[in-house]
Amino acid sequence: MASVVLIGTQWGDEGKGKVTDFLAEKADLVVRYQGGNNAGHTVVAKGEEFKLHLIPSGILYEDKTCVIGNGVVVDPKVLLEELAYLSERKVKTGKLLISSNAHVIMPYHRLLDALEEDSRGEHKIGTTKRGIGPAYMDKTLRIGIRIMDLIDDEEFAAKLRRNLQEKNNLLTKVYGVEPLDYDAIYQEYSGYAQKIRGLVADSSLVIDESLKAGEKVLFEGAQGTLLDLDHGTYPYVTSSHPIAGGACTGAGVGPTRINRVVGVIKAYTTRVGEGPFPTELADETGELMRQNGHEFGTTTGRARRCGWFDAMIARYAVRVSGISDFALMKLDVLSGFEKIKICVGYRVNNEVIYEFPQSQKIFKACEPVYEVIEGWQEDITGVTHFEDLPKAAQDYVRRIEQLTETQVTLIAVGPGREQTIVRGEIF
């Protein structure tokens, strides 16, 4: 038995898709355990770029079983569009399974998401308006529609009718918009049910049997540590649990079955949407990072905010997820900078703190305390061994290891599978 949880350690967009794709080669089962189509993964395989939002990145390996776990909220329309996209790209998807316990994103979830975000005015939290939050709200309220309900005509009809009455009251009386039509939604979603029925499974059982058989299981997280509902920069967070603990509840597996936790972390920092960002660079340096790193969201196309590496965030991610290894991404983007800065603390109210603050009020007031190190000018996109990196790049990696007390096991020097420096085995 070997199982690895792969998580994002910053605000998402760290490059998890590439690392999942890289590790999936040795895995037998790849499991997505939280989030929805608000997440985006970009994977480059055999020179081709694939953009995925819901289906695990391991789908690009035909012999791997991929599972959408119970912790995921599924928009069936998006799922079928993604399956069609992969089919057009000649990718076989016959080994995809969907948890019967996963919750379904409904049209009223998407509509309410947009209306609620727009009503916040200057207090927007940066939602993607894809219905993720409202779907998780219904899950918590115990009125959600699960995949198992969707494929049961009687259950689906009853739950949809009950929910739609409540949602239409909200839409008409609070937001002043037209109500949604029951028959139209029922017909549309019944059609989806027929198409996905053969993919539905008891995913927890599938994972359990795989582990008992000694197979290798990779749990793929979406978003990142600082977007976690409990441990992120609340309220600028997602509605699920991207940290390692989320894999247990979102996939139906006990914590003693997890062997390693790999934290995916960029060699610099990015953030999409609202909220504090101490190392943000609103200047030419930040713009250079954005252009060199192609920092535009896979899901939204929004330009990502860019800044220097923040060791405070990295240490915090290690603490809340028990990270055993880092996968350091986009080291090549830093080539050409004469000096590189690392945030090693925060200055707030004339005091320097060295732990990530819980209060957003304090976090917003934080100014970065930087350590400046030498940069490198060489193109490193073709380097395959750590010892062949420029000394300054090696020193940068080692300094991150020192500051986080965590080994950097994988280093990405480009988007391709082959552009990965391996310093130790994960599986």
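Placed from the backbone N, Cα and C atoms, the Cβ positions cover glycine too.
For D13 (active site, proton acceptor), the Cβ neighbour count at a 10 Å cut-off comes to 28, with all displayed protein chains included. Positions annotated as active site, proton acceptor by Swiss-Prot, on the basis of sequence analysis: D13.
In three-state terms derived from DSSP, H41 (active site, proton donor) belongs to an extended strand segment. The active site, proton donor annotation in Swiss-Prot covers H41.
The GTP binding site annotation in Swiss-Prot covers 12-18, 40-42, R304, 330-332, 412-414. In this structure, V413 (GTP binding site) belongs to neither helix nor strand by DSSP; it is coil.
The IMP binding site feature in Swiss-Prot is assigned to D13, E14, G15, K16, N38, A39, G40, H41, T128, R142, Q223, T238, R302; the stated evidence is sequence analysis. Within the same chain, the residues at least 6 positions away from R302 (IMP binding site) whose Cβ sits under 8 Å from its Cβ are V272, G273, F296, listed in sequence order.
The feature Mg(2+) binding site is assigned by Swiss-Prot to D13, G40, with sequence analysis given as support.
If you look up Swiss-Prot, you'll see T298, T299, T300, G301, R302, A303, R304 marked as substrate binding site. In sequence order, D13, T270, R271, V272, R290, E295, F296, G297 are the residues near R304 (substrate binding site), counting only same-chain partners six or more apart with C-beta under 8 A.
Sequence-distant contacts of G12 (GTP binding site), defined as residues of its own chain at least six apart whose C-beta falls under 8 angstroms from its C-beta, comprise A39, A222, Q223, G224, L227, P242, V272. Around the Cβ of G15 (GTP binding site), the number of neighbouring Cβ atoms within 10 Å comes to 22.
Residue annotation for IMP gives D13, E14, G15, K16, N38, A39, G40, H41, T128, R142, Q223, T238, R302. The furthest Cα pair among them is separated by 34 Å. For the pair N38 (IMP binding site) and L331 (GTP binding site), the Cα-Cα distance reads 26 Å.
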